[in-house]
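Working notes, structure below.
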């Protein structure tokens, strides 16, 4: 089905509707699973030596120093334009402002007289950031990960990226106070961060996107007792646009294409109650696609994408919630009025002047988002992902006495005698002191 095929949602059967909202299949093949498992075990056992071997094998690079020196980072900074540096600074300021506002006030309450309960936050002590390499280095992801890590107060923030590391990534790391950067990529980088090597420190939590091997490595280390926690499950990029007859077709098309160009497994969907809008967007997509340098990749993504005509905007919202997009763009006359009805989306963009690109780079929200339907249970990355909550309770004698019989009754009902005894012993001491 080509992208310019306009589909009438209400003419489809329930099964056809289900098929329309299916995402491109992703699964780690058995060979990827086995390969990644071998890489993890090898790096855990042989450390830096294994990292250098994998760099030669996969990156075709001889790495002498795994850690990037301060001189190399300074040289990278010198090679970048002032314009790009200024743009990064503006983006960091926006990200910093939004994520600082996410700080939670401490909770401190008396649940009843003499029973004080608190909730406090503490930073994750050490985090590792993974940034893919390639022809289009994702330096913006450095800003999105390192900025909240700094605000949260993480004591150790390190970064891994395949060699040779782009100047933009090195400068972004410096700008955001990343302490150490390492010339290591792929599943072996995830292994190094999870287990530690002679050069790369073991971290508590790993963040960042990657290919199928990186994604599988993150999954595996998160399930190993000696591994590390991870940010969230990863999948291909996606966007869903809700547009009415008042939307600008060229704007809608540009937003769809900006997501489709990420890769052939990306998916874009347009929902509109206006069939003419769907037709005009399809025409605009074809015009703009012809001008894109990544047109071939983008066209592959469009093969799994949809133009869907609905009964009304309420049905658009219903379908969007069923799909749960990573990015949701609402280009309608009264876009904000639809927000209360949205239950599942990674990040929402309202109105003609809120392109997804703004959130990808500089509006301040985080561009690390749940994909592949995980918006039903997962949230966009935020300050909380770099922190942990801890509860504190303190009972006075009076507070303990008031709760004692309740605790004893509940513990006895669950047949946890030692739990009950921990209370009864104290009750008896209080009786003796009386």
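Note that Cβ sites are derived from N, Cα and C of the backbone, with glycine treated the same way.
Here Swiss-Prot flags 130, 188, 211 as NAD(+) binding site. Under the heading substrate binding site, Swiss-Prot lists 237, 259, 262, 327, 360, 414, 419. Taken from Swiss-Prot, the feature Zn(2+) binding site applies to 259, 262, 360, 419, supported by sequence analysis. The active site, proton acceptor annotation in Swiss-Prot covers 326, 327 and rests on sequence analysis.
Structure coloured by features recorded in Swiss-Prot.
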residue: 188; record: NAD(+) binding site; DSSP class: helix
residue: 211; record: NAD(+) binding site; DSSP class: coil
residue: 237; record: substrate binding site; DSSP class: coil
residue: 259; record: substrate binding site; DSSP class: helix
residue: 326; record: active site, proton acceptor; DSSP class: coil
residue: 360; record: substrate binding site; DSSP class: helix
residue: 414; record: substrate binding site; DSSP class: coil
residue: 419; record: substrate binding site; DSSP class: helix
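Neighbours of residue 360 (substrate binding site), defined as other CB atoms within 10 A of its CB across all chains, total 21. Reported as a whole number, the C-alpha separation between residue 327 (substrate binding site) and residue 211 (NAD(+) binding site) equals 20 Å. The Cβ of residue 327 (substrate binding site) has 24 other Cβ atoms within 10 Å, all protein chains considered. Across the fold, the C-alpha of residue 360 (substrate binding site) and the C-alpha of residue 326 (active site, proton acceptor) stand 12 Å from each other. Less than 8 angstroms from the CB of residue 237 (substrate binding site) sit 259, 262, 263, 266, 267, 326, 327, 371, each of them six or more residues away in the same chain. When the Cα atoms are compared, residue 211 (NAD(+) binding site) and residue 419 (substrate binding site) turn out to be 49 Å apart.
Each of the recorded positions 326, 414 was scored by how many other Cβ atoms lie within 10 Å of its Cβ, and the smallest score goes to 414. DSSP assigns residue 130 (NAD(+) binding site) to a strand segment in the three-state reduction.
Taking the mean position of the Cβ atoms of 130, 188, 211 as the NAD(+) site, the remaining residues of that chain whose Cβ falls within 8 Å of it are 132, 160, 162, 185, 186, 187, 189, 190, 210, 213, 214, 217.
The Cβ of residue 130 (NAD(+) binding site) lies under 8 Å from the Cβ of 159, 160, 161, 189, 190, 193, 206, 207, 208, 209, 210, 214, each of these being in the same chain and 6 or more residues away along the sequence. Candidate binding-site residues: 262, 419. Fewest other C-beta atoms within 10 angstroms, 419.
Looking at 188, 211, 259, the binding-site residues in this record, the fewest other C-beta atoms within 10 angstroms of the C-beta turn up around 211. Here the C-alpha separation of residue 419 (substrate binding site) and residue 188 (NAD(+) binding site) works out to 46 Å. With 130, 188, 211 listed as the residues that bind NAD(+), the site has a largest C-alpha separation of 12 Å. Cα of residue 414 (substrate binding site) to Cα of residue 188 (NAD(+) binding site): a span of 47 Å.
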